[in-house]
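Each remark here refers to the structure printed beneath this line.
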Amino acid sequence: MAREEKPRKVILVGDGAVGSTFAFSMVQQGIAEELGIIDIAKEHVEGDAIDLADATPWTSPKNIYAADYPDCKDADLVVITAGAPQKPGETRLDLVNKNLKILSSIVEPVVESGFEGIFLVVANPVDILTHATWRMSGFPKDRVIGSGTSLDTGRLQKVIGKMENVDPSSVNAYMLGEHGDTEFPAWSYNNVAGVKVADWVKAHNMPESKLEDIHQEVKDMAYDIINKKGATFYGIGTASAMIAKAILNDEHRVLPLSVPMDGEYGLHDLHIGTPAVVGRKGLEQVIEMPLSDKEQELMTASADQLKKVMDKAFKETGVKVRQ
């Protein structure tokens, strides 16, 4: 008699706009069989759990409930979206000190619960908070992953797809580096059906500046949304659910994530956005893309900026680390 598989269990920490959108996306797509939600606003979570469960008759069965940290013990995945939101005029890096303190109050009780699964960090600044989660938790590097440039890459695919009149899913393109102001597109690789976007632009008699215009548009998209409606959540909530699905379903999928550097791009001791393979055991492989000299300079500059802010924030906040 075949042994019944354990239901896939996800704990979400943070039930704000991003967290609740992630939860709704998980319900809509039928990802995981159990979803516990933790937030300091306990009544709000209870209401959200009931509301989300009301969608299950038209999606798939799922146990959804207001959770607490001991519930993390047997979870497969803990997703962290909790943190101070980015306000108009702020960069993601401006959030670092306050969100490091919030993160510390989350990671410690999750680890103390006996959790042996995978951390997926979504809160900003995601590269720094992912590295901090790894250091605070004492977990192996393959069990701490950040959403990285997944949203930025999706935005880039959307813009290129619109320009070339193709479905964004047919665009092979990546944004690399920090999920923030120093991110950059890998134009030496980015293509549609093998035709580099740079060559397509040239063949259609567009100025070379078109590539920089696209870069700027993608980089500024979050600021535009925040200025207009106060926050971004649909894109990142859906992207995060996609990452969760790839992990829980053991897809061995290549995604642009915030992952640890161990010599890739000449970088060490930080997490930054690059393609990586993920599956049921977490991070399986970090992919070092071949970059042009200019792109390598941009990657180094992005890493330098992250390290500068991270080192300063770690000293100022006095965050306790296990490694």
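If you go along the chain as it appears here, the first residue is 1 and each next one adds 1.
Just so you know, glycine gets a Cβ as well, placed from its N, Cα and C.
Less than 8 angstroms from the CB of VAL18 (NAD(+) binding site) sit THR81, VAL122, ALA123, ALA231, THR232, PHE233, ILE236, GLY237, SER240, each of them six or more residues away in the same chain. Marked as NAD(+) binding site by Swiss-Prot on the basis of sequence analysis: VAL18, ASP39, TYR69, GLY83, ALA84, SER105, VAL122, ALA123, ASN124, SER147.
As annotated by Swiss-Prot, substrate binding site applies to GLN86, ARG92, ASN124, PRO125, VAL126, ASP127, ASP152, THR153, GLY154, ARG155, THR232. Other Cβ atoms within 10 Å of the Cβ of THR232 (substrate binding site) number 20 in total over all chains.
The Cβ of HIS179 (active site, proton acceptor) lies under 8 Å from the Cβ of ARG92, ASN124, PRO125, VAL126, ASP127, GLY146, SER147, GLY148, THR149, LEU151, ASP152, SER258, GLY273, each of which sits 6+ residues away along the same chain. The feature active site, proton acceptor is assigned by Swiss-Prot to HIS179.
Counting only same-chain residues at least 6 apart in sequence, those with a Cβ under 8 Å from the Cβ of TYR223 (phosphotyrosine) are PRO88. Residues or ranges marked as phosphotyrosine in Swiss-Prot (evidence: sequence analysis): TYR223.
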May I ask for the distance between ALA84 (NAD(+) binding site) and GLY154 (substrate binding site), taken between their Cα atoms and rounded to an integer number of Å?
24
Distance check, please: Cα of GLN86 (substrate binding site) against Cα of TYR69 (NAD(+) binding site), rounded to an integer number of angstrom.
26
